[in-house]
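Participant: Could you have a look at this structure, given as structure tokens, before my questions?
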């Protein structure tokens, strides 16, 4: 058991997905959110951040609303850090159907000498599959109050440890290397399903 919390961010408007709740898109017979919950099962606590908590009752998890709604993923992370019981929280977006258990467990077991532990994959930082220290919430709140809600910009206000190497990555099946791949548009989702059926 990893003595950290995990939070699934499911509060976005999904405007590029015709306002469909991306958490309930299906891949291989399971909702995205079901696949993510399964990958996070070794974390001591799992919560969901959503402004529609009634949609998630079937999963038996605590669901909390954004403290500062309609301010993007920074608001979701800030809310999660206010509600978790542990000092560190892995944050995952609900539109990442390939979240891999081995990857998130590897992150969760890295020594806690950071405020933010953030993977870098294919030359890009991945703030929506990263671990945040609970104490980050205070500076995040100041940013939200000032309407400065840019996530990456805010991350640079903290001591970050960047993870660029995953020693086991070559052992992971090709489709699971997409751990950080997210679905933003109807076209991307249709393309995902089409490739699965080929």
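Just so you know, glycine gets a Cβ as well, placed from its N, Cα and C.
These came from Swiss-Prot, pasted as-is:
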- 9, 10, 11, 22, 66, 95: GTP binding site (BINDING)
- 95: Mg(2+) binding site (BINDING)
Participant: Given a separation of at least six residues and a C-beta threshold under 8 Å, show me what packs close to residue 10 (GTP binding site) in the same chain.
Facilitator: 21, 22, 23, 33, 48, 49, 50, 56, 94
Participant: I'd like the number of other C-beta atoms within 10 A of the C-beta of residue 22 (GTP binding site), please.
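Facilitator: Result for residue 22 (GTP binding site): 22 other Cβ atoms within 10 Å.
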Participant: Helix, strand or coil at residue 66 (GTP binding site), per DSSP?
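Facilitator: Its secondary structure by DSSP: coil.
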